[in-house]
Amino acid sequence: MNTVIMILVVMTIIGLIFGLVLAYVNKRFAMEVNPLVDLVEDVLPKGQCGGCGFAGCKAYAEAVVLDESVPPNLCVPGKAAVAEQVAKLTGKSAPPIEPRVAHVRCGGDCTKAVKNFEYEGIHDCVAANLLEGGPKACKYGCLGFGTCVKSCPFGAMAMGSNGLPIIDTDICTGCGTCVSACPKQVLGFRPVGSKVMVNCNSKNKGGAVRKACSVGCLGCGLCAKNCPNDAIKVENNLAVVDQSICASCSEATCLAKCPTGAIKAIVSGTDLQQQSKNEAAANS
């Protein structure tokens, strides 16, 4: 019994000694925390998306407060409102931000894209891509397993019934998480005011594209030749729309001239279910 009591006393003394040592170390080597960091972090949306280039909101708050070279407008989800608040707190100037949203640069859904084989592995785009680039004949197209949807920290994406992801542009913050998650680089950004986009990501020549997908861009250049604003160019066998020039002419010349319908008018909406119907109709 005495031995047990002695052990308890010794352990208690050791615990007290360690506690005192830790308290001293904590006080002696404590780093001063700038209260402004917490104030800046409080105005950030807490999406932890990393779109700012830092490892989360706390890291960005520390950087923008402590480093003069870090601008106050890097929080993409926060947009102009958050940029203005951060600028006010830090005494920095916030240049204007062009609002952007993510866009799926592929129209090759399960009814239009040719498959080379049936994939029965892990339901994940990264995993499927490891097997010969995925089951689709087009190695630039969306694999349709929803890795981007799962990665979205704001719930702005859903998988459509046609096997392509749908983006709710009223929820999308343009943070870029889905863009980074896609192994095919199918997802990209577009300005919020965009009117038309090329729903194709293939760099293959027209003949190969036609064999792999019925709605792929052939790189024929008809859209570029007929655009009254000279806003379209063909680069690497793919039509590219310069959104700073495109005025979405009332005739919608590029849409009418595209032989495969790869160029589409932008579809936006707040309800993902309704947008799914709109996307299906637009791709039909």
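Using the three backbone atoms N, Cα and C, a Cβ is placed for every residue, glycine included.
Taken from Swiss-Prot, the feature region 'Hydrophobic' applies to 1-26.
Sorting each residue of the domain '4Fe-4S' (32-92) by its DSSP state yields 31 helix, 0 strand, 30 coil. Summarising the annotation, Swiss-Prot assigns domain '4Fe-4S' to 32-92.
Take the CB of CYS52 ([4Fe-4S] cluster 1 binding site) and look out to 10 A: across all protein chains shown you find 25 other CB atoms. What Swiss-Prot records for CYS49, CYS52, CYS57, CYS75 is [4Fe-4S] cluster 1 binding site, and it gives sequence analysis as the kind of evidence.
The annotation domain '4Fe-4S ferredoxin-type 1' is assigned in Swiss-Prot to 133-162 on the grounds of sequence analysis. Broken down by DSSP into helix, strand and coil, the domain '4Fe-4S ferredoxin-type 1' (133-162) contains 5 helix, 4 strand, 21 coil.
For CYS138, CYS142, CYS148, CYS182, the entry in Swiss-Prot reads [4Fe-4S] cluster 2 binding site, with the evidence type sequence analysis. Taking the Cβ of CYS182 ([4Fe-4S] cluster 2 binding site) as centre and 10 Å as the limit, one finds 24 other Cβ atoms among all the protein chains shown.
For CYS175 ([4Fe-4S] cluster 3 binding site), the same-chain residues lying six or more positions away in sequence with a CB closer than 8 A to its CB are GLY47, CYS49, GLY50, GLY51, VAL76, PRO77, PRO153, PHE154. DSSP gives CYS175 ([4Fe-4S] cluster 3 binding site) a coil state; it is part of no helix or strand. Among the features that Swiss-Prot reports, [4Fe-4S] cluster 3 binding site is placed at CYS152, CYS172, CYS175, CYS178, with the record citing sequence analysis.
For the domain '4Fe-4S ferredoxin-type 3' (206-237), same-chain residues at least 6 beyond its ends with a Cβ under 8 Å from one of its own Cβ atoms are 107-108, 112-114, 136-138, 141, 198-200, 243, 245-247, 249, 251, 253-254, 257-263, 283. For 206-237, the entry in Swiss-Prot reads domain '4Fe-4S ferredoxin-type 3', with the evidence type sequence analysis.
DSSP labels the residues of the region 'Hydrophobic' (1-26) in these numbers: 25 helix, 0 strand, 1 coil.
Helix, strand and coil residue tallies for the domain '4Fe-4S ferredoxin-type 3' (206-237), in that order: 12 helix, 5 strand, 15 coil [DSSP]. Highest local Cβ density among the binding-site residues CYS49, CYS142, CYS172 belongs to CYS142, counted as other Cβ atoms within 10 Å over all protein chains shown. Of the candidate binding-site residues, CYS148, CYS172, CYS178, the one lying closest to CYS75 ([4Fe-4S] cluster 1 binding site) when CA atoms are compared is CYS172.
Here the binding-site residues are CYS57, CYS75, CYS138, CYS148, and the one whose Cβ sees the fewest other Cβ atoms within 10 Å is CYS57.
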